[in-house]
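J.: This is the feature table in TrEMBL:
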- 66-480: domain 'Amino acid transporter transmembrane' (DOMAIN)
- 72-91: transmembrane segment (TRANSMEM)
- 97-119: transmembrane segment (TRANSMEM)
- 145-167: transmembrane segment (TRANSMEM)
- 194-212: transmembrane segment (TRANSMEM)
- 219-239: transmembrane segment (TRANSMEM)
- 259-278: transmembrane segment (TRANSMEM)
- 306-329: transmembrane segment (TRANSMEM)
- 353-374: transmembrane segment (TRANSMEM)
- 395-419: transmembrane segment (TRANSMEM)
- 425-446: transmembrane segment (TRANSMEM)
- 458-479: transmembrane segment (TRANSMEM)
Amino acid sequence: MGEVVVPIEDKSKHVLPLYLPPTPVPFQIITIKDTPGAAAGVSPPPQGVVNLSELESWLPLTESRNGSTFSAILHLLCSGIGFQVLFLPVAFASLGWAWGIICLSIAFMWQLYTTWLLVNLHEPVPGIRCSRFVRMSILAFGPKLGKLLAIFPVMYLSGGSCVMLIITAGSSMEQLFNIICEEGTMCGSMSLSGTQWFLIFTCIALIIAQLFPNLNSIARVSLTGAITSIGYCTMIWALSISKGRPNDVSYGIPVADRTGMTGFGNILNAIGIIMLAFRGHNLILEIQGTLPSDSKHPSRKSMWRGVMVSYMIIAMCLFPLAIVGFWAYGNKIPEEGILTAFTKFHGQDTSKYVIGLIYIWLTISCITSYQIYAMPAFDNLEFIYASSKKRRCPGWVRAGICLFFGGVTFFVAVAFPFLGKLAPLIGGMAAVPLTFVYPCFMWISIRKPRAKGAMWSLNLGVGSIGIVLSLLLIVAAVWKLDDKGLNANFFRP
């Protein structure tokens with residue numbers, strides 16, 4: 001069976017957006033048979049009517065629905081393990097052993113619950129699939145509020161994440177170069193600037209993006225990303241154990257850092273680090289959209305199997321990294337994270353090839369993550385073309401869109417190389433609500449559970465706590481910027 005979207009009492013041409021807000025014109029969904037001729041009992045659709053299934057088959061996120069549970073696992077691992085996990089021991093240094101483990105465990109269970117909500121909301125009505133987070137937000141909260149709440153977080157977590165990947169990978173590539181080409185060697189005098197490293201990474205990422213036109217096709221890329229992400233996380237904590245702790249490591253929190261406004265701000269910033277370590281919720285619906293679905297085998301079953309396997313692996317990366325990192329370095333851990341701590345304390349007694357391998361894996365992980373996080377932006381830009389031209393994007397247009405997006409992210413990375421210092425502030429406004437808050441209220445709005453029932457109360461309570469936490473994290477981030485200042489090195493990466 002197929003579906004067409006027909007405008008009611010309006011003869012003008014309208015398109016049902018997949019990413020942008022829908023038109024105010026009402027629509028009714030009429031199910032027709034996928035036959036070349038006219039549908040039985042339904043006249044052919046009038047001129048200008050958009051065939052939703054055909055339009056979705058043109059776009060990168062839903063062009064292919066032949067994915068599997070295994071491919072979903074790979075996408076979830078690639079998008080779910082990022083360089084943010086390297087800062088988890090920093091959070092433990094402000095929270096201590098007990099509260100660090102408690103907060104990390106609560107955040108993990110919380111985001112796993114909101115993932116379950118999204119997976120089960122993917123098909124709110126049998127036969128209708130919401131394969132984009134913005135479209136789900138519009139369905140739940142209406143055109144105006146849905147767009148207001150979702151577009152900025154989704155675009156930040158797409159474009160902003162790509163910018164951060166350029167900055168992180170550029171720095172990683174520079175560190176790798178410095179390790180291999182020591183001072184005095186022939187290549188040591190050929191060091192590149194930060195901008196040039198950013199450009200090299202962007203070019204590599206865009207070349208790979210040209211080879212894989214849709215989300216389902218990058219499963220092999222996600223496999224590489226999953227292996228390298230697990231690899232560098234495991235290597236860092238395993239080497240930290242084997243090398244032992246530096247002298248005079250302490251796990252106590254100084255009195256000045258745990259009292260007054262300073263202590264309150266440090267605790268909130270630590271909670272923010274933990275919450276921002278969990279990422280990828282803006283891609284859950286999109287990844288599920290690559291899976292086949294029918295009445296007998298709905299996509300939520302295979303997707304949830306993928307979620308359970310992938311999040312078990314993610315937990316096996318995050319918890320050891322946080323706990324071992326704090327055990328190994330205690331309050332000596334720098335703000336730059338556990339990788340900086342390892343090179344600082346053990347760089348002299350560790351082979352440069354071992355440290356270089358960690359940076360190589362980190363760089364490859366950033367390259368593969370760029371592909372999956374750029375997909376929503378590619379999808380939106382291609383939607384604008386396809387809906388206006390009423391046809392699929394030709395290859396040269398897709399290449400142009402890819403180059404345009406890459407150019408924008410490269411420019412922002414060069415212009416704002418200090419963007420990472422603003423991550424707690426922007427993350428409190430975008431990532432935290434999208435991950436921990438919106439799915440709860442989406443469930444209440446779409447599924448309409450019984451008022452004051454178990455699911456209604458649970459989602460209302462969890463969502464409300466998330467809103468309060470988001471506001472507190474924003475306040476703490478602003479306070480930290482005001483207290484320590486911001487080295488805004490514009491165009492000087």
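Yeah, the Cβs are placed from backbone N, Cα and C, and that goes for glycine too.
Thinking about packing and proximity, how do these listed features fit into the structure?
T.: Long-range contacts of the transmembrane segment (72-91) within the same chain, counting only residues at least 6 positions beyond its ends with a Cβ under 8 Å from a Cβ of the stretch, are 100, 103-104, 161, 164-165, 168, 215, 218-219, 221-223, 225-226, 229-230, 233, 236, 269-271, 273-274, 276-280, 283, 287-288, 290-291, 302-303, 306-307, 309-311, 313-314, 317-318, 321-322, 325-326, 329, 333-335, 337-339, 341, 362, 365-366, 368-369, 372-373.
If you look at the transmembrane segment (219-239), the same-chain residues 6 or more away from its ends with a CB under 8 A from one of its CBs are 67, 70-71, 73-75, 77-79, 81-82, 85-86, 208, 212, 313, 317-318, 320-321, 324-325, 338-339, 342, 346, 350, 354, 357-358, 361-362, 364-365, 367-369, 371-372.
Beyond the ends of the transmembrane segment (259-278), by six or more residues, the same chain brings 80, 82, 84-85, 87-88, 90-95, 100, 103-104, 107-108, 111, 318, 423-424, 427-428, 431-432, 435-436, 469, 472-473, 475-477, 479-480, 483 to within a C-beta distance below 8 angstroms of the stretch.
Residues 75, 78-79, 81-83, 157-158, 161-162, 165-166, 168-169, 172-173, 175-176, 179-180, 201, 204-205, 208-209, 212, 215, 218, 221-222, 224-225, 228-229, 231-232, 235-236, 239, 283, 339, 342-343, 347, 405, 409 of the same chain lie 6+ residues outside the transmembrane segment (353-374) yet bring a C-beta within less than 8 angstroms of a C-beta in it.
Proximity of distant same-chain residues to the transmembrane segment (395-419), defined by a Cβ-Cβ separation under 8 Å and at least 6 residues beyond the stretch ends, is recorded for 159-160, 162-164, 166-167, 170, 194-195, 198-199, 202, 205-206, 209-210, 213, 374, 377-378, 381-382, 385, 486-493.
Within its own chain, the transmembrane segment (425-446) has Cβ neighbours under 8 Å at 110-111, 114-115, 117-118, 121, 124, 133, 136-137, 139-141, 149-150, 152-154, 156-157, 160, 272, 275-276, 278-279, 281-282, 455-456, 459-460, 462-463, 466-467, 469-471, 473-474, 477-478, 481, counting only residues six or more beyond its boundaries.
Outside the transmembrane segment (458-479), and at least 6 residues removed from its termini, the chain residues within Cβ reach (under 8 Å) are 110, 113, 117, 261, 264-265, 268-269, 271-272, 275, 422, 424-425, 427-429, 432-433, 436-438, 440-441, 443-444, 449.
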J.: Give me the stretch from 97-119, 145-167, 194-212 with the greatest number of Cβ pairs under 8 Å to the transmembrane segment (306-329).
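T.: By Cβ pairs under 8 Å, 97-119 leads among 97-119, 145-167, 194-212.
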J.: Counting only residues 6+ away from its ends, which parts of the chain sit with a Cβ under 8 Å from the transmembrane segment (97-119)?
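T.: Residues 88, 91, 136, 251, 270-271, 274-275, 277-278, 281, 284-285, 288, 300, 303-304, 307, 311, 315, 318-319, 322-323, 326, 435-436, 439-440, 442-443, 459, 462 contact the transmembrane segment (97-119) from elsewhere in the chain.
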